[in-house]
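Notes to accompany the following structure.
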């Protein structure tokens, strides 16, 4: 580790720069609660709701700051204390191949990261979310979700990771092979997830026959959107927050509505929300996001290839040699600024897509039902009514509620 090593400078500036940028954005966002709301938003958010939303945002944000501070502190101490080199020397004594050693090293670090995050996740779920009436997760469900998540990561991510490591160890065109493999894996997971993976965490049951089911199917038919199933998801077992999503490809599309969404919204609002989701498909947002994701992953794997070929990259973290598996972990650290910049593009595109899906829903159902639904969701979820532009720019995949309502009123 030396100031003459450009990789070391890039890593330090990246880690500390992203950390401080997030801190600044967090406190600027909280300061927005001291500003008067525009007239349109004052009609939606009462003073009591704004105060409650501010308290909720404050507690959640301060916990996020503590979480980030702890993560950066542990990383810097481990890094500058020679932890990565110690881990490399320790793993070299296992007597495994480079691929299996790499999987083991990454597994150890992922497990450590999960353990570090566990108390913050528990406080967020059982203290903050519960205090504001959102949490319905039991301790058993909380633990079970994390155990299942780790097992799925090992069962699905382990073989994929091993294949990636093997490509970079043995293949001249490793970047291309890795990119194609990850792209194929992502597409398969998008198809499998709602059928096999999500049911491990959530219960799906068919929506009962009645006016709501008939209305949603009639809307889908009118919009020429083939639907094979409408399911109700037991989201209330974990949270009072509501959601809905579409899944599937071609003529095998499925609608999933959280039970909390059905409880709190009228049929007209639910139809408008469905029209919004259909709008994403009709406007071909899914393939656009997929293409952008593939381009970003291609760039990432190319930069990874350059890093793994550089001894200076490893020495920036105090590591002797060029261990493949550990190299992937170190690259994820130095890649943070690039990930942030690419995330800005993805988030901006996503916000644009939301406006387009809103416009589609307006043409299908009119403005009023979707506006009423958005207002309810914002108030019920204690959404920040007027977030700071920097926070929106960095993190918001959806436009703020005020901007969406203004666009729908045009």
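From the backbone N, Cα and C atoms, a Cβ is placed for every residue, glycine too.
Look at TrEMBL and you will find 6-31 (among others) tagged as transmembrane segment.
Averaged across the domain 'CAAX prenyl protease 1 N-terminal' (29-203), pLDDT for the predicted model comes to 93. Per TrEMBL, the feature domain 'CAAX prenyl protease 1 N-terminal' maps to 29-203.
What TrEMBL lists as transmembrane segment is 65-82 (among others). Outside the transmembrane segment (65-82) by six or more residues, the chain places 1, 15-16, 19, 22-23, 26, 113, 116-117, 120, 317-318, 333 with a CB less than 8 A from a CB of the stretch.
For the transmembrane segment (94-112), the residues of the chain that approach it from at least six positions outside its boundaries are 87-88, 150, 153-154, 158, 161-162, 165-166, 169, 323-326, 328-329, judged by C-beta separation under 8 angstroms. What TrEMBL records for 94-112 (among others) is transmembrane segment.
Marked as transmembrane segment by TrEMBL: 150-168 (among others). Same-chain residues lying 6+ beyond the ends of the transmembrane segment (150-168) with a Cβ under 8 Å from its Cβ atoms: 98-100, 102-103, 106-107, 110-111, 114, 174, 177-178, 181-182, 185, 189, 197, 200, 304-305, 308, 324-325, 328.
Taken from TrEMBL, the feature transmembrane segment covers 174-193 (among others).
If you look up TrEMBL, you'll see 208-410 marked as domain 'Peptidase M48'.
The feature Zn(2+) binding site is assigned by TrEMBL to 276, 280, 354. Around the Cβ of residue 276 (Zn(2+) binding site), the number of neighbouring Cβ atoms within 10 Å comes to 23.
As annotated by TrEMBL, active site applies to 277. Long-range neighbours of residue 277 (active site) (same chain, six or more residues apart, CB within less than 8 Å of its CB): 244, 245, 246, 255, 357.
What TrEMBL lists as active site, proton donor is 358. Sequence-distant neighbours of residue 358 (active site, proton donor) (same chain, 6+ apart, CB under 8 A from its CB) are 276, 279, 370, 404, 407, 408.
Remote same-chain residues near the transmembrane segment (174-193) are listed as 156, 160, 163-164, 167-168, 247-249, 290, 293-294, 297-298, 301-302, 304-305 (criterion: CB distance under 8 Å, separation of at least six residues from the stretch ends). Close to the recorded Zn(2+) site, the chain also has 277, 279, 285, 353, 356, 357, 358, 360, 361: residues not among 276, 280, 354 whose Cβ is within 8 Å of the site's Cβ mean position.
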